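Below is one structure, written out as structure tokens; comments come after it.
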Amino acid sequence: MPLRTSAYWHWSAGVQAGRLPAAMAPLAFTTLTVATTGSYRLGAVLMSVFVVVQTLGAVPAGRLLDRVGPGRGVPVLATCAAVAFGCLAGAAAAGAPAPVLLVLVAVPGAVAGGLPGGFRGLLARLVDDAGLPRAVSVDAMLVDAVLITGPVLVAFLAAAGTFLPILAMAGSFLVCGLLMAALPGRHVRPATGPGHSRPRLPLRAAAPWLGCQFAVGHVLSTVEVSPLAYAQRLGAGEAGAALIIATLCGSSIVGGALFAWRGRPAAGCAAAFLGCFLAGSLVLTAQGRWAGLVAAVVLIGGCTGPLLTVASLQIQRLLPPGRRAEGFSVSFVVQGTGFGLGSLAIGALSLPVAALLAATTAALACAGVLRRTRRGAPPLPEPAGPEIASTP
């Protein structure tokens, strides 16, 4: 089985190290600014700048990775992000003013934006088609583990030193860069030159699968951003909110594990998973009881990993080999946009209306997938040229 090879786990270790700083960032920035300025608001602004710049820079950085080759570009970007976070920690320790911190936090955001697309592009080269569905499913499970680990690690490190969480983020990016630099088989890139044109990204053909990723972000934000509000609506407090998040993460891990074990990533499965998203979101609109809320969260969490796996595999099927880092960067930006708009809806609308909006997104995405599967898959694009090995 491909997942028994050391190359996949080498790749996975580097990817998780590259993901950990983003999971640490919200609490790390808040801890830093509370300790240095006495205000949590600057931490929230730092996080906002980091996310916005990361989103804006993802596609250009992915395009750059495709041009130089992800095997070469990913280690460089990860190392640059490590240096940038080290500078941020040093500036904060020296008492730098808020504008300086805002500029410094924008640098790693811009640099790291293309890493997810680069990671996914490298995976397509390390695992064959038969093993890819299981590889993507296992990776989706590990995402939840990283999201849980990040805040816990920040809380532990902050107790030992104010700047340790930021330094740990720098160290994590450095580990990512070192692991990716030593990744077996990474020096493969598409041929480029006068005889090889760069094909366009098949965004129209990929629209239904991008819609799946938008729906994942939107529906997940409906739960993740407002667990306390749902708990308070049922007469509970912080403990109830923690239960909701634990249920979401646990069901996501279990769903991903079951899909990796027995799942078949057929395109039509996405419609069924989106139907579960729709049902779960509709349950959230009701003023129900704990049983209904937990059932809705389990439905949403359990289908998240499988839906992302199917969408990711369908997008890879459409992407030319020389545009994968950029194409996957687009998909991650779409998912992040869905999460951001869902979060905005939670802040601006009542809970039932926000959940109904998430249900509408799931229904539209489901309709798009059904329409595509009934018409049949479009033909694969012609590759830009053969893939050639490059020297280290």
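Just so it is clear, glycine is given a Cβ too, placed from its N, Cα and C backbone atoms.
Where the annotation comes from TrEMBL, it is an automatic prediction and has not been curated.
Taken straight from TrEMBL:
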type: TRANSMEM; residues: 42-62; note: transmembrane segment
type: TRANSMEM; residues: 74-94; note: transmembrane segment
type: TRANSMEM; residues: 100-123; note: transmembrane segment
type: TRANSMEM; residues: 135-157; note: transmembrane segment
type: TRANSMEM; residues: 163-183; note: transmembrane segment
type: TRANSMEM; residues: 240-259; note: transmembrane segment
type: TRANSMEM; residues: 266-284; note: transmembrane segment
type: TRANSMEM; residues: 290-315; note: transmembrane segment
type: TRANSMEM; residues: 327-347; note: transmembrane segment
type: TRANSMEM; residues: 353-370; note: transmembrane segment
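Listed stretches 42-62, 135-157, 240-259 were compared with the transmembrane segment (290-315); the greatest number of C-beta pairs under 8 angstroms is found for 240-259.
Per-stretch counts of Cβ pairs under 8 Å to the transmembrane segment (327-347) identify 42-62 as the leading one among 42-62, 74-94, 163-183, 240-259.
At the 8 Å Cβ threshold, with sequence separation of at least 6, the transmembrane segment (74-94) lacks contact with the transmembrane segment (240-259), having fewer than 3 such pairs. A Cβ distance under 8 Å defines the sequence-distant neighbours of the transmembrane segment (42-62), meaning residues of its chain 6+ beyond its ends; these are 22, 25-26, 29-34, 77, 98, 101-102, 105-106, 108-118, 325-330, 332-333, 336-337, 340.
Across 135-157, 163-183, 266-284, stretch 135-157 shows the highest tally of CB pairs under 8 A with the transmembrane segment (240-259).
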